[in-house]
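**Student:** Handing you a structure now.
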Amino acid sequence: MAAATLLRATPLFSGLGAGPAPLLQGLLRPLKAQALPVLCRGLAVEAKKTYVRDKPHVNVGTIGHVDHGKTTLTAAITKILAEGGGAKFKKYEEIDNAPEERARGITINAAHVEYSTAARHYAHTDCPGHADYVKNMITGTAPLDGCILVVAANDGPMPQTREHLLLARQIGVEHVVVYVNKADAVQDSEMVELVELEIRELLTEFGYKGEETPIIVGSALCALEQRDPELGLKSVQKLLDAVDTYIPVPTRDLEKPFLLPVESVYSIPGRGTVVTGTLERGILKKGDECEFLGHSKNIRTVVTGIEMFHKSLDRAEAGDNLGALVRGLKREDLRRGLVMAKPGSIQPHQKVEAQVYILTKEEGGRHKPFVSHFMPVMFSLTWDMACRIILPPGKELAMPGEDLKLTLILRQPMILEKGQRFTLRDGNRTIGTGLVTDTPAMTEEDKNIKWS
């Protein structure tokens, strides 16, 4: 089981060096002008500010069950830091900025904001908690260096709390800080202590250091409304201190050619087409040639501008959450799931060999084994693609809890390379997590596989 433990605990892109990479493609709503993310709205006009890299950059995000207060906490953080010039205050309504999100009172797609503490610069992703949008949440958590798990004191851990922790663990998010929210709604201190105990047990169950994990009790709403400083302001300050100290600054791979999995594509009037995402590795400079690969596309162009949170950059580094303006392309030419890379540095593959851990029922996986030619969906980077699983010769069944070498054949060639991690899902269930070990050529037999 040592290999199984490795697959469950190793950072997602150990072979690529840039830390976790986006895994599960979201169910994108039709894009509207008012729904442009905070990240790239500034590209609609010439940026007036230049991003100054004077502090370590870290990607964090809020995860947790629906309506436990993730977006309220995100807004409270920006409000408190804005008073010292470390952020621009973002109201709840600005973070949940799509009409259907405001109408339902839940976050559907991950939203990005930025802020700075005395020690660090943060890109913060507010991840959706509703069960229907778990795939969107994972697109948000995948580039994260650490998470803030939000749990309501009056509810305790709930179904999406478990699922978010499981998925975050599978994709290599190794450091979690906990904020027990809505403490103002609970009169009994023993109930809060029980919730904390339950959270520590849950963290330990999913492979985190439950006894060492910082847990801060407070109320994001009190902080936002500037009342009860002990539960409000001071709790958020304690949380930020814990994030600064407990979540380490990751080592970025700046030596390899740049690789940007495309998260979203936007058409900016008067400027052109912008792709957004988190730079997985390397350095991207204004004026660099690039190519878009995947989904049967191979398009070459030039990066004419780079911005991060309304500020222009001459160069972006691995870990930066950015928008890149590209020359001569229309929005319909590009799509989520493509990869923007240095020309010639990477190529799509349709067949891979991989070491795969099959999740048990207790881990949220399948109840039953599967056979050769079983067809789940593979998620890696920002793409997902149907694939056929071929079991090793002499192996008739793949059992939950097994760690084994499999061959996977994709419906279309996608960006895959040695060391790349992926997740397998069947319906709304994560059934396995794997690591690519080789990318062999397709045989004639492989090419004749039926997909209907």
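A Cβ is built for glycine as well, from the same backbone N, Cα and C atoms used for every other residue.
Here's the feature list from Swiss-Prot:
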- 64-71: region 'G1' (REGION)
- T71: Mg(2+) binding site (BINDING)
- K79: N6-acetyllysine (MOD_RES)
- K88: N6-succinyllysine (MOD_RES)
- K88: N6-acetyllysine (MOD_RES)
- 126-129: region 'G3' (REGION)
- K234: N6-succinyllysine (MOD_RES)
- K256: N6-acetyllysine (MOD_RES)
- T278: phosphothreonine (MOD_RES)
- K286: N6-succinyllysine (MOD_RES)
- S312: phosphoserine (MOD_RES)
- K361: N6-acetyllysine (MOD_RES)
- K418: N6-acetyllysine (MOD_RES)
**Student:** Which state, by DSSP, holds K79 (N6-acetyllysine): helix, strand or coil?
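**Tutor:** Once the DSSP labels are grouped into three classes, K79 (N6-acetyllysine) ends up as helix.
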**Student:** Measuring Cα to Cα, how far is the residue listed as 'Mg(2+) binding site' from K418 (N6-acetyllysine) in Å?
**Tutor:** 37
**Student:** Determine the Cβ neighbour count for the residue listed as 'phosphoserine': the number of other Cβ atoms within 10 Å of its Cβ.
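**Tutor:** By my count, 17.
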**Student:** If we check Cα distances from K234 (N6-succinyllysine), which of the modified residues K79, T278, K286, S312, K361 wins as closest?
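**Tutor:** For K234 (N6-succinyllysine), the spatially nearest of the modified residues is K79.
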**Student:** Averaged across the region 'G3' (126-129), what pLDDT does the model get? Just tell me the whole number, please.
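**Tutor:** Averaged over the region 'G3' (126-129), the predicted model reaches a pLDDT of 61.
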**Student:** Would you count the other CB atoms within 10 A of the CB of K79 (N6-acetyllysine), including those on all shown protein chains?
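**Tutor:** Around K79 (N6-acetyllysine), other Cβ atoms within 10 Å: 21.
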**Student:** Measuring Cα to Cα, how many Å separate K361 (N6-acetyllysine) from the residue listed as 'phosphoserine'?
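**Tutor:** Cα to Cα, K361 (N6-acetyllysine) and the residue listed as 'phosphoserine' are separated by 47 Å.
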**Student:** How many other Cβ atoms sit within 10 Å of the Cβ of K286 (N6-succinyllysine)?
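**Tutor:** Excluding its own Cβ, K286 (N6-succinyllysine) sees 16 Cβ atoms within 10 Å.
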**Student:** According to DSSP, which kind of secondary structure is K361 (N6-acetyllysine) found in, if we only use helix, strand and coil?
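**Tutor:** Where K361 (N6-acetyllysine) sits, the three-state DSSP reduction gives coil.
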**Student:** Between K256 (N6-acetyllysine) and K418 (N6-acetyllysine), find the distance joining the two CA atoms and give it rounded to the nearest Å.
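**Tutor:** If we compare the Cα positions of K256 (N6-acetyllysine) and K418 (N6-acetyllysine), the gap is 14 Å.
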**Student:** Using C-alpha positions only, work out which of the modified residues K79, S312, K418 is nearest to the residue listed as 'phosphothreonine'.
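**Tutor:** Looking at Cα distances from the residue listed as 'phosphothreonine', the smallest one goes to S312.
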